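Okay, so here's the structure we're looking at.
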Amino acid sequence: MEIAEIKQKLESYKAEGKTLFSTSSFQTHSLVMLHILSRIDNTIPIYFLNTGYHFPETVAFKDRIAEEFGLNVVETKSTMPRYMQKDHAGRLLFTSDPDHCCYINKTAPTGELLKTYDVWINGVRGDQSATRRAMDVEQEAPHNTIRFHPMLDWNMKKIFAYIREHNLPRHPLDAKGYLSIGCEPCTRRLDPEMQEREARWFGLNKVECGLHTDLVKK
Ligand code: SF4
């Protein structure tokens, strides 16, 4: 979607009395949507899912971007404390059941947000994975909400053209070879032959955390 269309869509949601929120992982490529939103309406809450496993660089970068873009960034996290997030052998869940770990730390807290708001502005792009390619710009989500995907038809080339044009900052780990950055235990550097999402949950048959598979009405 072009920026004027995104603006128009957000205005039409608001005219219908719908409440809006967004989420972000604060990676370099996520900044484009955040920058666009900051120029349309910087009061829209941008939730950061604090799993407790983020790289310290991501947390610091999030604070910097909130300040520089003037965004209303809000942290949210699981209601289950870390000491309870263990398997029967006492290991933290990301080591043995990452799907459940992602559910507790990402999907469940976002599901709670869907009970409060009407529209989830979500920056997924079709070129990131087959799951995302199959999504629509507007999709029904649980609790009678709408997922709005304004970046769905943007690709990496267009994203980086925007970043250069607006001189947006880069996540500090980009320079160290990371491209898709999530929680520290489940992220690795990208090798030249790997696709973007393969840098996550490396070696496992998992490319999504559940936000884009569970929180979509099927
Ligand atoms: S990405 Fe890894 S550490 Fe983060 S919530 Fe998912 S399994 Fe847990």
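Positions of Cβ are set from backbone N, Cα and C atoms, glycine also.
For 21-188, the entry in TrEMBL reads domain 'Phosphoadenosine phosphosulphate reductase'. The average pLDDT the prediction assigns to the domain 'Phosphoadenosine phosphosulphate reductase' (21-188) is 95.
For C102 ([4Fe-4S] cluster binding site), applying a Cβ distance below 8 Å and a minimum sequence separation of six or more within one chain yields C209, G210. For C101, C102, C183, C186, the entry in TrEMBL reads [4Fe-4S] cluster binding site.
Under DSSP, C209 (active site, nucleophile) is assigned to coil, being neither helix nor strand in the three-state scheme. If you look up TrEMBL, you'll see C209 marked as active site, nucleophile.
Annotation note: C183 ([4Fe-4S] cluster binding site) sits in a strand segment as assigned by DSSP.
Proximity of C101 ([4Fe-4S] cluster binding site) to non-local residues of its own chain (separation of 6 or more, Cβ distance below 8 Å) is seen for Q85, L92, L93, F94, given in sequence order. For the recorded positions listed here (C183, C186, C209), the lowest count of other CB atoms within 10 A around the CB belongs to C186.
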